[in-house]
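TrEMBL annotations:
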type	residues	note
BINDING	GLY44, ALA45, SER46, ASP50, VAL76, GLY154, ASP159	ATP binding site
DOMAIN	41-219	domain 'tRNA(Ile)-lysidine/2-thiocytidine synthase N-terminal'
DOMAIN	268-298	domain 'Cytoplasmic tRNA 2-thiolation protein 1 C-terminal'
Amino acid sequence: MFRKNDLKGDALCKDCFFWAFEEEVHKTIIDANLFSPGEVVAIGASGGKDSTVLAYTLKTLNERYDYKLDLILLSVDEGITGYRDDSLETVKRNQQQYELPLKIISYKELYGWTMDDIVKQVGLKNNCTFCGVFRRQALDRGAMLLKVDKIVTGHNADDIAETVIMNILRGDIARLKRCTAITTGADGALPRCKPFKYTYEKEIVMYAYFKKLDYFSTECIYSPNAYRGHARTYIKDLEAIRPSSIIDIIHSGECMAVKKEVKLPVQGTCSRCGYISSQEVCKACVLLEGLNKGLPKLGIGKPHKVKKLEAQGKIFTDTKNPKFVENRDADKGSMANNAAALDF
């Protein structure tokens, strides 16, 4: 097996590819000063190729270069029957194979809902919005329970390039400004690091395959219509024309600057749960409130449509303690009527 080095054009044998892969990740870690000796680091483990290779590589480098890190596997159970339950079995095997402690935290435990339950309420159009918001917060909350110093995730170069494109298409300046950062949340309580920032997905696949690592390769059953999939297809088409497109997009994102006069959201904390948020109430609490009130689409709707419903008297928003309150006097005011009205 040979791997074409994108920068030098060198052909590498299998063993040299393994060494080059690990050394490139090590260089990324050292250059970005990602870790300090004695830190407790949680590895976001899903059982997929990225997190499995990340756990294996970090354990290898921690021993080879004596990082002096205390590594822990941290998994989130979204409650997706036929997908997450199977992938968690892979994570449990990884725990034994790599001799690392494992903590699993679930949506049901944190929010009282599983993704199976949520999909029954919202369908397959906007379900990824719920999962993305809940998963990020769940990972942070699990890490806080473990009292770790940092979280590392398996986001690779392809993932970051996709995020840049998605934020451009959405006009999300705030996220575009920080999505290429190798470490986020450094000014908060729990930094997140991406050691695979400059590692291509195809390299990770090759490493996992030829190392014969135990990983779960099935795609989420609820993600066929995910917005990210369209960005991924677009980037793959670009890469076929210009092989350096992925790294080019990342570098472009790194070089983007926002004018000083542009007002960006200021991060604070949620008035309900205390989680980091640029709004008075965080997105997770808004989405959860919508689910619990029988208005699952409220948190993902467009603001002007929510205001229209308020003007019609179909819902009320308490601004001092923001929550969605049913108006039982409007159009007989049932929760079912409100949910039907919120057809965004």
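Backbone N, Cα and C atoms are what each Cβ position is placed from, and that goes for glycine too.
The Cβ of ALA45 (ATP binding site) has SER51, THR52, ALA55, LEU73, LEU74, SER75, VAL91, ASN94, LEU102 as same-chain neighbours under 8 Å, each 6 or more residues away in sequence. As a whole number, the greatest separation of Cα atoms within the ATP-binding residue list GLY44, ALA45, SER46, ASP50, VAL76, GLY154, ASP159 is 19 Å. Averaged over the domain 'Cytoplasmic tRNA 2-thiolation protein 1 C-terminal' (268-298), the predicted model has a pLDDT of 86. Sequence-distant neighbours of SER46 (ATP binding site) (same chain, six or more apart, CB under 8 Å from its CB) are SER75, VAL76, SER87, VAL91, GLY154, PHE216, listed in sequence order. When Cβ atoms from all protein chains are considered, those within 10 Å of GLY44 (ATP binding site) total 23, not counting its own.
Comparing local CB density within 10 A for the binding-site residues VAL76, ASP159, the maximum falls on VAL76. DSSP places the residues of the domain 'Cytoplasmic tRNA 2-thiolation protein 1 C-terminal' (268-298) in helix, strand and coil in these numbers: 11 helix, 4 strand, 16 coil.
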